[in-house]
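Report on one structure; see the data block that follows.
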């Protein structure tokens, strides 16, 4: 057996290397040797602390050579720290870290390295047991390298939005994971990624801090400056995120001791002398801190609630004679999702502690019940099957009496059960310039509609007033109609159903035209538009919405007014203006899909109204009210329901016959008066899709039960990753579980995109696999 190099010999070697390179030894490295010698003399584990942020370029070569010697020395472990700005660039720091990889124990890296560094680390892996990373400039986490010894992973205070398809796939021993104060918000992709961790026991996206409200000095005491410092030690001044506290409050069992309920696991560590990383890696600091704070509260030395934490993020529960107040701190956005805690407990059966609250059997029972009542595991209540099994059953016709529609639903469920992240891709024509006389011109969509009969076509209108018919399967432009000269944004589009080559386009300046796309140009051009093949109607000032009836005889227009105009398509004339139909302007007007006389209007006056052209226009059939202004309304494909979307995620389904509430989808609001929500149907009447302009999430819910099937997070490119939001969306009328989303960016320099979403395919699907199951509806389907 080879003799291990002693620490004193290593130190001498380092000094000699420095002399060879003509530099003075680094004092931080000499201190590390001294500390290691002290530990050795006390018969403690010989651990060296290496502070890379104190290493300068002159120190680099001697240290790199020394690290190669450490692997064969009596040093038992290396704890590597970068706590402040590091002078070493990525391509210097990475070889240094890898040179001691065999003995790495703890790696703590903070705000120092770029994307290339992290991509290399996460792809190649490390042999450390603890990895603590902060201020990392990566939005999509994709740790696929071998981290076979990793026990604790701390990712707090990073701008992580989501996870790659194979993230966490090589971490067999990971037991503790913390992702507080990140941007993670998606329950579905997060749970799918975390399921790849077979040993995960403790997880946190937030910290529940307990303090007592039983102090006699609740309202009268004024804390000293030292007390304020103590508070800030445990609760940072960041504004808290509204957490799913009611789930937590309901599951707190007052019969249990406090210690069994509040598991004070803190991942901010202080490495112990013994190698007990397999029990708890340095949790003493946080545990003692919370106990100390609780004792101060009970003795009246602290106010019962810190001033920088909103009471919305607290709940109180009695334990005997003591009332404990729990405060959410450092919460990631995922914590504000409704039933977040119950969803995670149900999805991660091996988890023992979530957000430092212990999970008991009663919690799991409640989680199963909550999940069943509020979520769909697979569409159409199907059980998980393989695609091969479903296809075999269809070929054998083993299930008597089953229709083709039943097999199709089973196949959809089987396909949706496979990918964690659905296939998303932007229509390709937006990724490059359209060659025009003006070389800087690009088509920027503002509204779009699927063709009623041709599954490959959609029309979109641009910010500059152009109308473009696109083959969205090939990405090629089929027809192009330039702006009529005013360059006013197209806000209203509607295909005719009986005459499917005709499309109505309405502009923000009030212009209304009917185009025959067969007579339009097949190439993009800036030449003046020929009026042949188009019909011009009387203008409707500040137009926002147009829609034709089921017989293609009439269409309606609404805008920033209280009025609605009725037009005769065949004659090209305006028949009537219905005045003062609402108290505020009318956002959307929609005809019924089957009746040529019924139509609905939605307004910011909080009302949705149903009208009948055969009756007096001053009196609606009924009025249904929301608590906020209505952004839009649409009929279900069979006209049984009205889907009303109000500001900030208030989505309700009404019975068309009398306006009674059928379902409230109970989507969590963002508490924003500018969060305009839009919702449409998908898969006929089966599901609804909903998105809002302040969020990058599309929610998919069952239209019959209101249960959430899943959320889809939009992903921008590069720095825009988390800056996309939903401007409009439509379910694909020909493909089950497919949709398109008009997604805009917060930055004015970035153009909008039309993003196609396929819930049945994963993001690494081939082109052949990405096509959805087609279900050709009747031509009467509108909206």
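Cβ atoms here come from the backbone N, Cα and C positions, even for glycine.
As written in Swiss-Prot, here are the features:
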REPEAT    145-198  repeat 'WD 1'
REPEAT    212-256  repeat 'WD 2'
MOTIF     382-389  motif 'Nuclear localization signal'
REPEAT    439-480  repeat 'WD 3'
REPEAT    485-525  repeat 'WD 4'
REPEAT    538-577  repeat 'WD 5'
REPEAT    581-621  repeat 'WD 6'
REPEAT    625-664  repeat 'WD 7'
REPEAT    666-710  repeat 'WD 8'
**Q.** Ranked first among 485-525, 538-577, 581-621, 666-710 for CB pairs under 8 angstroms with the repeat 'WD 1' (145-198)
**A.** 666-710
Q) Hey, which bits of the same chain come close to the repeat 'WD 8' (666-710), Cβ under 8 Å, at least six residues off its ends? A) 185-186, 188, 242, 336-338, 373-376, 379-380, 631-632, 634, 636-638, 640-641, 643, 645-651, 653, 716, 722-732, 736-739, 741, 743-744, 757, 759, 775, 777, 783
Q) When the pLDDT values for the repeat 'WD 4' (485-525) are averaged, what is the result? A) 91
Q: Could you tell me how many residues in the repeat 'WD 1' (145-198) are helical, how many are strand and how many are coil under DSSP?
A: 8 helix, 8 strand, 38 coil
